[in-house]
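Report on one structure; see the data block that follows.
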Amino acid sequence: MASPPLTSMPAHCLVTYNAPLRIFGYFQAEFYFSDGGSIKITYQLHTVRVELYNSSEDTTRYAFEVILSMWIFGMMAFTLYQIAMTQKEQKNFLIYFSHGWNWIVFGSNALLTSCMVIWWIFVVRYARKFDTSLRHDVYSSLQPQANFLALAAGGANLEAVNEDVLRLKALIDMLNWYFALNGINILLLIARVLKLMDFQPRLGVVTRSLWLAGPDLIHFAIVAGMVFVGYAMMAHLIFGNAIEKFQTFGDSVNTCFECLLGNIDVNADLRALGGLQSVAGALFFWSFELLVYMVLLNFLLAIIVDAFSEVKEKTHETVGIHTELWQLGRDKWRSMMGLCSTNYISDDKLGNLLKQWAGDGDDAERKEAHADVQKLLTILNEDLDEEDLRNVLMECLKDAPGQEDAAAKPPPPRTGLARFLPQRRKVVATPHEVAQAAKYIVDRFGEPEKVEEELISAYPGRHDGEHGDGDAPAFSKTPVIMDRDNEQLHAALKKLDEVQRELADGQRNLLSGQRQLAEQQAKLVGLMNTENS
């Protein structure tokens with residue numbers, strides 16, 4: 001039992017230990033005088049375990065805690081890496097926080113990291129080092145003849161007890177911080193889970209419905225909030241001196257919200273009032289229930305249900321997550337079983353064969369051929385290539401109004417955190433950005449350089465084959481001659497021939513079966529005619 005000396009708020013502490021469960025119990029009661037002269041009591045009760053890793057189950061939990069800590073630290077390191085890359089590429093890391101979702105991710109990872117740091121500090125610095133004696137001889141004698149408060153060892157044992165209680169209280173405070181931060185972070189984790197489930201149409205119905213109803217919910221919250229706060233303020237002003245549940249504005253808000261959830265026990269206190277307060281109580285209760293509970297609350301449900309119906313209608317033809325998982329598992333199983341087959345063909349090889357049959361197998365060679373052809377952009381009857389256009393754009397930037405003054409009077413250097421804050425400045429393109437712009441303009445609006453005359457002179461025979469009677473193939477505008485892979489084409493044609501042969505055998509079997517069915521039908525008709533005759 002301990003109490004701070006010379007204080008108007010004495011606190012009494014009691015520490016117990018449950019040996020079978022290996023749990024410490026901490027109870028603290030505080031007494032203080034209110035402004036009205038009464039004595040009020042507040043108390044706290046906590047339990048804590050300091051022997052964390054004694055059994056095999058605890059050892060397994062310890063291994064999972066280590067893995068979880070590494071995972072959390074990796075997530076935080078990746079977030080910091082993204083911030084650093086933003087600073088490196090865009091010269092201002094605050095751009096990373098311009099997206100609202102990045103705030104949630106960063107805050108959640110920061111809270112997770114803080115919780116893990118607090119936990120390991122609790123384990124290493126507090127729990128493992130905490131120890132106390134089974135007995136403290138505080139008094140010199142438990143049955144003294146006189147001087148009943150005589151302390152043993154000059155009060156050293158009492159100081160040891162008080163020190164143990166304070167160390168246990170510090171341990172409990174550290175654990176309470178851990179629980180509080182984890183509780184806050186759970187809300188952020190729920191938001192992240194809902195965001196991650198948005199990839200599937202049916203799993204993302206909740207987030208999409210709330211997003212669709214967002215503007216209406218904001219306007220509804222403004223109107224409903226004004227009405228709700230007005231009722232809470234009215235209840236505090238009228239009934240605060242008579243009903244304990246309305247004695248403060250915070251208590252009034254909580255009571256009104258409980259009434260909104262269906263808890264109307266306060267109606268008995270309102271009916272017990274006398275005089276004009278009873279009339280005001282009836283008017284308050286009935287108007288609140290009709291306007292807020294029945295009207296505004298149903299408006300809220302109508303807004304959400306309307307958005308949900310619209311989103312549900314769009315996802316009516318989509319499949320559920322169980323169907324997608326079943327299809328993915330079935331396809332994966334078939335793919336794994338196909339590896340054991342001698343006729344197994346990989347997806348990449350099958351895709352290449354299909355491209356060859358479709359005539360798209362030489363796309364890479366075509367791209368290489370077209371890459372050698374330079375594009376030109378015609379401006380004022382002058383042909384400009386990419387390099388010429390880049391030089392023109394750079395000269396235009398140099399001659400732009402205000403650039404000479406900006407170069408002559410550079411802005412003063414910013415120090416400290418001010419250099420990371422956004423500032424108003426004239427946007428000047430870098431040489432790399434100018435080069436990218438020139439490349440895009442030429443690729444988008446330029447025309448290939450005319451090389452047909454050169455190709456005719458280099459390959460006259462091939463060009464003649466396009467219009468003449470020769471056997472040479474027609475020559476296109478690209479100077480590269482495409483070669484096919486003969487071995488792959490031969491194998492593909494061979495497999496196609498086998499498939500056609502099997503199809504022909506199947507057709508013959510089908511015709512044979514049809515002939516047999518026709519004979520059976522003829523016999524059946526003959527028997528029926530014989531019986532009738």
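Numbering starts at 1 and runs along the chain as displayed.
Yeah, the Cβs are placed from backbone N, Cα and C, and that goes for glycine too.
Here is what TrEMBL says about this protein:
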type: COILED; residues: 482-516; note: coiled coil
type: DOMAIN; residues: 160-311; note: domain 'Polycystin cation channel PKD1/PKD2'
type: TRANSMEM; residues: 62-83; note: transmembrane segment
type: TRANSMEM; residues: 103-127; note: transmembrane segment
type: TRANSMEM; residues: 177-197; note: transmembrane segment
type: TRANSMEM; residues: 217-239; note: transmembrane segment
type: TRANSMEM; residues: 283-305; note: transmembrane segment
Average model confidence [pLDDT] within the domain 'Polycystin cation channel PKD1/PKD2' (160-311): 91
Which of 177-197, 217-239, 283-305 contacts the transmembrane segment (103-127) most, counting Cβ pairs under 8 Å: 177-197
Sequence-remote partners of the transmembrane segment (177-197) [C-beta within less than 8 Å, at least six residues beyond its ends]: 101, 104-105, 107-108, 111-112, 114-115, 118-119, 122, 203-204, 206-207
